[in-house]
Structures are given as C-alpha cells and as structure tokens.
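In Swiss-Prot this protein carries:
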CARBOHYD  91  N-linked glycosylation site
CARBOHYD  153  N-linked glycosylation site
CARBOHYD  184  N-linked glycosylation site
REGION    73-112  region 'determines site-specific fucosylation'
TOPO_DOM  1-14  topological domain 'Cytoplasmic'
TOPO_DOM  35-359  topological domain 'Lumenal'
TRANSMEM  15-34  transmembrane segment
C-alpha cells in the first residue's frame, strides 16, 4: 500500500476543485463581457445592441436627449402640446447627464461626422434606448456615413422616406380666408436676387449663374458680394420679383430654406436649380416656381424672366396658389416634437444602414 496514497488523492481533488473554480471564474467574466458588449454600440458597431427590444419608453413621459444641437446653435424648447395643442409631450433636454436614463437620443450628423468614434456617445447603452439620426445636409456634404451604420434606429431628415420627415418647409391650406394682403406689385422694384454664403466657382449653381448674368442683371448678396445685414434679408429680398433658389447640390427632396424662406416668405417667384421638376411638384403646385430645366439654356431663361417682368398678368399667375395655400418654414423645436410623437406611436426597434440609404 502506497503510504502517500491518501495525500495524493487529497491533492488531486484540490487541483480539480481549483481548476473548476478557475473555469467558472472565466465563464462569469466572459458572459459579463458579452452583456456589457451588447449594451455598448462601440463594441458591436454593425449590429443592433438589442434586436429583441420593443423600444418601449421607460418613463410615462418619454425622455429625449439632444446629444448635439444642430450647427451648435441652442434654441428654446417649448412643450410640444404648446406648439401643437392636443399632442403628446416629451421631456426634451440637451443635458448629457441624463444619457443613462434617456429613452431616445437625437444626434445631428454634422456635429459628429468629423470623428464619429470620439463624438458619438461612448457609455453603455440602456436597453431599449433608441438613437435617432438627424440630418439637414445633403449627402454631398455628409462625411463618414458608413461610420453611422449599426448605431441608429430611426432616421430624421428632409427626405420624405425618413422615419421622421422634417422638411425645410411645406404648404398647408388656409383655415379661413387668406390672412395676407394682395401682392403689391409697385413694391417689386428689382428683378432678380440671389443670396449665397458658400461661393464655389466650380459648382453647378455658380456656373449656371455666370451664364445667366451674361443676359440678365442679377443682384448677388453674401460674403463675397453685396452685404446683407442681419435682420434685413426679407425686407431686401421682397423688393425682387424673382429669387434664385439654387441648391448647393442635387439630391432627392433636397429643397431647402433657399426656396421656403428666402423666396416664398419674400413673395418672390422662386427660380429653382435642384432635383427634378417632378420632385418639386411633390411639395409645390407646378405654377408656384420656375425650374431651370424648363429651358434649353440660361439665355432662354433670362428672356422668359424679362417677358414676365413686362407682363403683369402672367407674373401674377405664379401667386394664384396663395389663395388657398400658405407656406410654412420648419423649426427645430417642431422637428424634435415630431420625434417625440413618433417614439410614442411606434415601438419598433430596428437598426438602419445610414450609408446605404442616404445617397
């Protein structure tokens, strides 16, 4: 009989027990890592953190965090029920301290596109928290779209196929008689204006303008042209019969404040360069604007504008739609409320590929 037998047996059991405890510890650490990774979009950037989640708000009144102000410009945030009576409310804040409790996070693309890995939220993501990708720029001016894939559950943009449609403007019927006075033609003392902040000589809109101004006088306002002091834009542009609502790039539904504010609020007929005429007609009557594509050349457009300048009846026909419709411009506060209402209407939790969609 081996005198060391009992000791060997005891030692073997201790080794086995130690090995089992070690394996158990490794398993606990591994599954803990998986749990944290599942909560953290920086670990699984290409998949839904919680694919089985319903996205149901954790609070009776949903809490929405504005991770970034659009263009770093804070605004007042009135209650949604004050903006549109009878609608639901949310608690909307830009205080990042509420991130762990937020039901939704709105991220405006421009403020995170330069370094997404550092500028997107990096803390673990609460289960069911929905991220909303908010964007006001065209794809031509959006960087690192691929880096957004796998993070966001809802899209919010000027594109009509967004989950949350936030156009730059729209038309809506008058609730009663039109509240505006008839157009005062005698106040229209100038012909064509264009206000442009980003002057790129090789851009399509600048090249078209240069060809047009060879046949027609165009007053250009902006950094490199005539000054347009703050607060005087509408007063200045309202003196013109036509306004060049030329977009900086051509993409579906990309119809910006150049039309909705600069032209329509100034009661100038918009001359548009952007998406197709049929795209514009999804949002405007066909006789509410003039499209550059309707003419074979800038020279032909110049001739047409000069004809309208002399023919008051034809010129006034571009305002006939105002008898039944009125233009409205967007506000970011209303956009945030649209997100609030969408979150309460729909509990679906999905993961969108931003890069594949936003082209």
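From the backbone N, Cα and C atoms, a Cβ is placed for every residue, glycine too.
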### Message
Rounded to a whole angstrom, what is the C-alpha distance between residue 91 (N-linked glycosylation site) and residue 153 (N-linked glycosylation site)?
### Response
19
### Query
Of the residues in the region 'determines site-specific fucosylation' (73-112), how many are helix, strand and coil by DSSP?
13 helix, 8 strand, 19 coil
### Task
Counting other Cβ atoms within 10 Å, pick out the least crowded of the glycosylation sites 91, 153, 184.
184
### residue 184 (N-linked glycosylation site) - helix vs strand vs coil (DSSP)
coil
### Query
How long is the line from the C-alpha of residue 184 (N-linked glycosylation site) to the C-alpha of residue 153 (N-linked glycosylation site), rounded to the nearest angstrom?
49
### Task
Restricting to the region 'determines site-specific fucosylation' (73-112), report the mean pLDDT as a whole number.
97
